Amino acid sequence: MNLTTTMPAAVAPDPPAQLAVSSRSLSDSSDAAGASRTSSSCRASSPSHCPTHAWNPDPPPSSLQPVFSFSPSLPPPCPSPAISSCPPNTLSPPNLLQGIVSQLAMASYIGRLLLYLFQVVPSLLYWAITFTTITVPTALFTLFSMSLTFTMNFTTLLIIVLLLVSTVSWFIRYRFLNIYSRLPPEPQRKEPEIDLFPDSQDGDSKPGLSNYLDEFLSAIKVFGYLERPVFHELTRTMQTRKLIAGETLLLEEEKGFCLVVDGLVQIFVKSIQERDDDRDGWQLDEAVEDSVDEDDEIRRRGHQGYQLLTEVKNGASMSSLFSILSLFSEDIKLRHNEDMESSSSSFNNVPAPDSNPMSPALLLESPTRVSFPDQRDIPTQPSADTLPKVSPLALEGSPGPFEHDPKPRGHRRKRPSRPKRAKSVHPDILARAMVDTTIAIIPASAFRRLTRVYPKATAHIIQVILTRLQRVTFATAHSYLGLTTEVLSIEQQMTKYTSFDLPNHLRGAALDKLKSKFTKEKERLGPEDGTKGIALHNPALNRRRRSSSSLRKDAALHAKLTAVRGKGSASNPIRYGDHESTGVSPGDLLSTIQLSRFGPRYGSERLNGRSVFYDAASGMKTPAGGPPSPLATPGQPLFRFPAQNVTFQRQDSLDQDAIFRESILDCMMKALGLTGSTQDALRKTHNSGDASPHLVSYDSRRQKAVFNNAFGFIDPYDGFGDGDSESLMSMSVTSAGGTSPVHNLRTELQDEIEIVYFPKGSVLIEQGEHNPGLYYVIDGFLDVGIPVNEKGEDLIGSSRRPTAEDILLPITGNASRVSSTLGTAHNQRKKASRRSLYMVKPGGVEGYIGSITSYRSFTDVTAKTDVYVGFLPRAVLERIADRYPLVMLTMAKRLTTVLPRLILHIDFALEWVQVNAGQVIHHQGDESDAIYIVLNGRLRAVLDKGDGKVSVLGEYGQGDSVGELEVMTESTRPGTLHAIRDTELAKFPRTLFNSLAQEHPGITIQISKLIAQRMRHIIDNPLEKGSDKGSPDSAKPTTSTLNLRTVAVLPVTAGIPVVEFGNRLLNAFNQVGVTNGVTSLHQADILNHLGRHAFSKMGKLKLAQYLADLEERYGMVLYVGDTSVNAPWTQTCIAQADCILLVALAEGSPAIGEYERFLLGMKTTARKELVLLHAERYSQPGLTRQWLKNRMWINGGHHHIQMAFRLTAEPVHPETKRLGAVLKQRVQVIQAEIQKYTSRRIRQTPVYSTSTPVKGDFHRLARRLCGKSVGLVLGGGGARGIAHIGVIKALEEAGIPIDIIGGTSIGSFIGALYARDADVVPAYGRAKKFSGRMASMWRFALDLTYPSASYTTGHEFNRGIFKAFGNSHIEDFWLEFYCNTTNISKSRLEFHSSGYAWRYVRASMSLAGLIPPLCDEGNMLLDGGYVDNLTVARMKSLGADVIFAVDVGAIDDNTPQGYGDSLSGFWALVNRWNPFSSLPNPPTLSEIQARLAYVSSVDALERAKSTPGCLYMRPPIDAFGTLDFAKFDEIYQVGYKFGKEFLDRLKNEGGLPIQEETEEKKKLRRTMAPRRASI
């Protein structure tokens, strides 16, 4: 729509005005048209949306002014007369006008921009074209056509060139070649502070206990784990008594278990010389009493002749272990005789002893019963409803035990009619209260009732006490006090109660026939196998190879049915095996003849077509029918037949073997205290078994015995499996059928007895080893003895600290033990002679005490002659003792009878102490009142230096003793002693030591020798424990790996394969060889053994005892934490560990894991080590530092282990897979194995091929934890140190592992190269490259500088070392490494085991004058060889057992000088060049300075040569100089040749620390096989 403006025709504008109007009209027309379109569109769409004003569509023509249409509300028209200032024919509101104006302005800007572009772009294009085509060519043409002439002199030109070269050199030298100086600062890792979380309370007093019951609970721990009913039974009759200060109590008249609730009691014992009236001065020990007035007071009271044994404080027992055994076993018979009938020993009609306590017969036959004036705890009148009927097991009130003994014994009373007061449970013991004291007494009646009601609990308590009696009293007296004769006499005197001869009819021809079988088999085996024990073939063995529990049930039921159906029948049918023969055919293993000869009382045998019964009680044979057999006559020998030729069938031969087995079993059961007279007692035991604690032989599935059978190899232990199921099954059958428990036991054990032949000289039991079982001598003699050099064994001055075996159990002559010491000691050990103690004759039993108590043997038992024995495995004995408590009671009774008086008094004074983790035993500065011997656990002694710093004096594991020096010198404690974990101690009071010193001076001499040996060890090795004073960062972790007994394996976070890691570590332990073996524990093992309530509140006591027994049985226990972080088993692993291995994946996140947080929350002070698992044998530089940076609690170092692992967590107990999944997985495994060998993938990481399995990472870790690490110390000597590489190669070829490396100067360089990859090949290459750089004279010349501090800048030297190590840290090295330096700022020796490797290797190689000192945290470090060039003492302090020390230092010229009292320098110069001079050349100034610098190093070298366990090696490299690096190959060959010769010579001498099995050791192992029950 066009908008036109009407003008009058009369007015005609000029042309320019007309043009302007027209243009404006056009623009206005366009705007109007847009507005019209908007208006029409809005009207079309919606009239309501249109503006209130609009154009008039038909404006009438009027005057000259334009015609407008206004709305009434609009403002007046535009006042401006100019046409351009107001839009024609329209008027907009303010907002509309503003929009129009802004649009017009934008359009104006765009137009101007376009116009500018149209003007500028063409001009730019034009300029560019002209510049490139015209200007530049013109300028170049002009320049090239010019001729310039520069005139300079040579000086100016030289200066310019020098400036240019200097600039380039500076850039390359200081910006490109010194990258090593711009590495981020990584200082040495500061070793963590000692973790000390001790309790405020001390170990003797127990504050916070409010009543006597709490003190009773503390003292009752000696009984071990007690169930609630048993505990209530003991406590319900407990009585208390008040003692005023100074009151004495005659414990000899007390009967019961006494303990101190509150106060202090002194225990006195009668002196041996009490009866000597002519001697005076008997008084209490002044060394114990603090004042003489107290001694005088005691004398005035008439207590002369008594000596102070010990002082008993709160919660401690006044009774000894012996007293407890006496209370339990006071009415048990000592010996069961052969001709004692069961009817004569029946106690069913004997009244309870409580009803008649003063019976003369009772007092007579109960040696430990005492008439007590106070009858509060014993009813004087018979009471039927007070206590239940007395069990026959108590055997109380019976006149039978001694009256029916036809053979006089030494322990019998003279006359049974006169009542005689027997020996008390507290013989010759007197107690005196020092202060007002409250004591508690558990009367003897409580123990008798406990024996009747809970026989199994009683047996369990006795077993615990017997074990502690062995571990505390016997072991201490045997090895610590030197009372070997007294201890070993116990078992010797025990033989009079355990010796039972075989019946006469088993002598003569029967025995000869038995021997002939072994003779034939020995001839068949040959001389080599003849050194082993040969076991007689057991036909029932094939039955026992099946499931034991079902077969036991079948056997018991079959015996029962046989007894019911045919007591008097002839014989049962005989079942033959796969074939039969008509004679004794050695090698016939397939005979499975089943002889049904077990009845309720008799065993029937098929002999020559007749049925003969063997009476188990009397040992006589009677025929089933017909005329009497000659076998029934005692005088006739067995197997004597009529004159006609009688041929034995194979069945008859087996019957003879069965006769021997039955007779041997009868004798063994009598020796154990099980006879037909105890049938009712045993039945009572079975019936009460459910209410008693159930003990399981945890050793039954591990102790495997393999016999060399006369007819093949058999495994007698395959039969039993789980002893619990067998016990319960036989119990149920017995109780159901009413058959004699003894007979059922005999039936079960019939197949367990083995008849074994040992040739002369065979070792049946070895000292220090657990007894394999019980031996009954059929024919021959056994020799029991000890090595004669046992006392002289160097307990301390060996190459290692004393372990449990050294102090408590010196295992001298243990040929089977893999020794890690040198060959000389091994040869002396093999040549050690032995001293015979006594002989075991036919009918005697050996291994009685050790087999039942499961403790190590104090003696070794050998065959004096060719000997035939019956053998019952230890696991079977443990099962018998578990099911029949009378076995333990009988042993307890016999022990209390034969115990020497001296051992008894030691037992009274020795205190069994149990301390919790972190508890302080004594503080620094306390009075030395006792010696502590560690039975179980770990202690740490720390010294408070006063400035807030604490240092460790030592750690003490199982068998170590603490405090002898302080006790003997009566000095104060040098440090604070606290328990790292829950610990059991034997407290040896000073009062006992003083008492024994008066009556037994030999004990004082023994302990004096021990202290002297320790002092000599400290003097000879002053630096072994790291006592060399260095900087804090140079100190090694304060804990020690010596004598570790428990190791826990914990993951850092979930998903780490700790189970697989634990299994591999266990295998490595077994191959390395741990004394007494090693075992691993998982949660499943604990639950299988102790049940699902093992971690309950009550079950923890039982668990603690079980774990303590395991630690006693094995040399190392490995706890694998395979549960969640909050599981009880995880807490148990941490609490029981001497050392904790935190396993982490090296490529994982180094953040703190949840297991570590839990570990820190428990505040354990055990040693903690970090184990990083790598998929490949390579550690990235700086990776280890990331792991250790935030873990200051890692105080035991770290280990790099290569192990292939899965990224996803593998379940501990994987679910059973289907067959298809299993096959698929198997195929995938096979494919992966094939690809492993067919793929040609190039490894980018170093390859380490171990020539022997002992060089693996797990073996290295196992040796580290066992204290058997092999260390390599490399000395300094410049270029002569290249020989180190040859020696290392010789060590690798000899199969000697290297676990720790230490070096000085060039030794630190070579050692670091080898420790980085644990491979000699890359070390050789990098060392040769470095030698090439050092041999370059140009590099040396370019590095020269003004000799203010040194002749060179050290840059080329730094470059050569940095190119060898890069930015690797010492922590990244695969093997543990350290180097030493001399800190001239603080004048001390420092050791470095962390930080950049190149820096500290360079510092250790910094020769003064040639290279400037290295600045490290403000200190100047120089060559470590100035103080110690061969750091053997440092290596020894790290726990290395065997050390190879290679010395390549220069030898000083020691030619005597004679130039006089003054010296002219001119004469010295002339004399040096005078060939005719006879005087030696005096040293130069530099030589004097060098010798002065190495003065302390020479002394350290001499000490290193004499260090025990150090193998000193010095290759012949004296012909080479310090800087002869150009002769690399020659020096390397010299070292390699020397190493080969040295190791070959050492191998021939038997001194190599490797586990090689020579032919001699193989024969020795075969000879020693019987002691491990491998007969």
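Placement of Cβ uses the backbone N, Cα and C atoms for every residue, glycine included.
Cβ contacts within 10 Å of Ser1305 (active site, nucleophile), excluding its own Cβ and spanning all protein chains shown: 29. The annotation active site, nucleophile is assigned in Swiss-Prot to Ser1305 on the grounds of sequence analysis.
Taken from Swiss-Prot, the feature active site, proton acceptor applies to Asp1423. The Cβ of Asp1423 (active site, proton acceptor) lies under 8 Å from the Cβ of Gly1276, Thr1304, Ser1305, Thr1381, Thr1382, Ser1404, Met1405, Ser1406, Leu1407, Ala1408, each of these being in the same chain and 6 or more residues away along the sequence. Secondary structure at Asp1423 (active site, proton acceptor), taken from DSSP and collapsed to helix, strand or coil, is strand.
The nucleoside 3',5'-cyclic phosphate 2 binding site annotation in Swiss-Prot covers 894-1014. DSSP assigns Gln958 (nucleoside 3',5'-cyclic phosphate 2 binding site) to coil in the three-state reduction, placing it in neither a helix nor a strand.
Per Swiss-Prot, the feature region 'Disordered' maps to 1-56 (among others).
According to Swiss-Prot, the feature region 'Disordered' maps to 339-425 (among others).
The region 'Disordered' annotation in Swiss-Prot covers 568-587 (among others).
For 1303-1307, the entry in Swiss-Prot reads motif 'GXSXG'. Counting residue by residue with DSSP, the motif 'GXSXG' (1303-1307) contains 2 helix, 1 strand, 2 coil.
According to Swiss-Prot, the topological domain 'Cytoplasmic' annotation covers 1-99 (among others).
Residues or ranges marked as topological domain 'Cytoplasmic' in Swiss-Prot: 173-1575 (among others).
The annotation transmembrane segment is assigned in Swiss-Prot to 100-120 (among others) on the grounds of sequence analysis.
Counting only same-chain residues 6+ beyond the ends of the transmembrane segment (152-172), none has a CB under 8 A from a CB of the stretch. The transmembrane segment annotation in Swiss-Prot covers 152-172 (among others).
The number of other Cβ atoms within 10 Å of the Cβ belonging to Val942 (nucleoside 3',5'-cyclic phosphate 2 binding site), over all protein chains shown, comes to 21. In three-state terms derived from DSSP, Arg990 (nucleoside 3',5'-cyclic phosphate 2 binding site) belongs to a helical segment.
Arg990 (nucleoside 3',5'-cyclic phosphate 2 binding site) is surrounded by 23 other CB atoms, counting those within 10 A of its CB over all protein chains shown. The Cβ neighbour count for Leu910 (nucleoside 3',5'-cyclic phosphate 2 binding site), using a 10 Å radius and every protein chain shown, is 25. Remark: of the binding-site residues Gln958, Gln1006, the most isolated position is Gln1006 (fewest other Cβ atoms within 10 Å of its Cβ). Look at Arg894 (nucleoside 3',5'-cyclic phosphate 2 binding site): DSSP puts it in a helix.
Within the same chain, residues at least six positions away from Arg894 (nucleoside 3',5'-cyclic phosphate 2 binding site) with a Cβ under 8 Å of its Cβ are Leu334, Met494, Tyr497. Secondary structure at Leu910 (nucleoside 3',5'-cyclic phosphate 2 binding site), taken from DSSP and collapsed to helix, strand or coil, is coil. Gln1006 (nucleoside 3',5'-cyclic phosphate 2 binding site) falls within a helix when secondary structure is assigned with DSSP. Note: Pro974 (nucleoside 3',5'-cyclic phosphate 2 binding site) has non-local neighbours Gln924, Ala941, Leu943, Leu953, Glu966, i.e. same-chain residues 6+ apart with C-beta under 8 A of its own C-beta.
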